[in-house]
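Enquirer: What follows is a single structure, and I will ask about it in a moment.
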Amino acid sequence: MSHTSDLKSSFSQESEDPPKNQKEVACSKIKILSRSSATNSDSKGDHRVQQIQSLKGQLTERESEWLQVHRALQSRVDALTRENQRLLHQSTQSAEYKIQNHSSGRSTPQSGAPSMVRIVTVSYLIKLIVLLQYTYIAVLCMKCKIILILQVEQLLSDGSRVIVFRNGTKKEISVDQKSVTVTFFNGDVKRLLPDGTVVYYYCDAKTTHSTYPSGLEILQFPNNQKEKHHPDGRREIFFPDGTVKSLYTDGRQQSVFPDGTVVKLNGDKTVEFTNGQREVHTAQYKQRIYPDGTVKTVYLNGRQEIKYLSGRVSFKNK
């Protein structure tokens, strides 16, 4: 009796929870296909939509047919399980009757027939369980095939290919397969150039991000501001008015204005003017250096000091 119970328990697990390995593989394929699905519909979009709807209808019909088959097989297996339990019960009673007759010295009829029937029934149950498993796998595989069909590929006269995916994404591949353009359903565009450069355009932000094989990255914003990210960590920001600001990994900053003025920050602030003068700002003083060598220093307390090239020094208190 325990053998039949174990078998029934095993069957219940198999029928209610289909084989996880096959199911995971099939579902994984479906997810991969869904993530990679791609491109904007062209002039034949309506035809593709009709084709997709037709294929979905076929899938629904076939799933209904497989469900009916599954239910019929399940019902047959349940009936055979009950029959197997009945025969096993008869076999047990026959064995007990045989033992009682043997102890009383009476002969018993052959009781092998029920055992043979039981063996055949168990074998048939196992076959049905395997058939149910393959039926479920067939449904998953058919879904995969239909999803594959929903990916439309066109071969153009110049040898290039255009792949249109079910979510509207479009992938264009050149003849030499070195240039690839992917237009996503949300309007973003990704281009792979022959030299390895990757250009990604963000539709919503109207920003272009280019990554070069050297590691240099350039971002172009809609207000004409541009940023360069160098492989060594240095960043350059180009503002629309012509100002260029450089940011270094050690914290230093430098700004070059359109009139040629240069401002450097390295703890102190240094301003270089186009007339040759320089101005240094520190925590203790502010200093102006003139082209003739004169240096004027103003301290925090207001005291001023002027050093001339001749060596003369003058002081002025606040």
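Backbone N, Cα and C define each Cβ position, glycine as well.
Okay, these came from TrEMBL:
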COMPBIAS  1-13  compositional bias 'Polar residues'
REGION    1-29  region 'Disordered'
REGION    34-53  region 'Disordered'
REGION    91-113  region 'Disordered'
DOMAIN    151-173  domain 'Centromere protein J C-terminal'
DOMAIN    213-245  domain 'Centromere protein J C-terminal'
DOMAIN    249-281  domain 'Centromere protein J C-terminal'
DOMAIN    285-312  domain 'Centromere protein J C-terminal'
Enquirer: Excluding the flanking five residues on each side, which residues at least 6 beyond the ends of the domain 'Centromere protein J C-terminal' (213-245) place their CB within less than 8 Å of a CB in that stretch?
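Expert: Residues 195-197, 205-207, 253-258 contact the domain 'Centromere protein J C-terminal' (213-245) from elsewhere in the chain.
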Enquirer: Other than its close neighbours in sequence, what residues sit by the domain 'Centromere protein J C-terminal' (249-281), given a CB gap under 8 Å and a spacing of at least six beyond its ends?
Expert: 232-234, 241-243, 287-291
Enquirer: Please spell out the DSSP helix, strand and coil residue counts for the domain 'Centromere protein J C-terminal' (213-245).
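Expert: Per-class counts: 0 helix, 14 strand, 19 coil.
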Enquirer: Suppose you look only at the domain 'Centromere protein J C-terminal' (285-312); what would the mean pLDDT be?
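Expert: Mean pLDDT, the domain 'Centromere protein J C-terminal' (285-312): 88.
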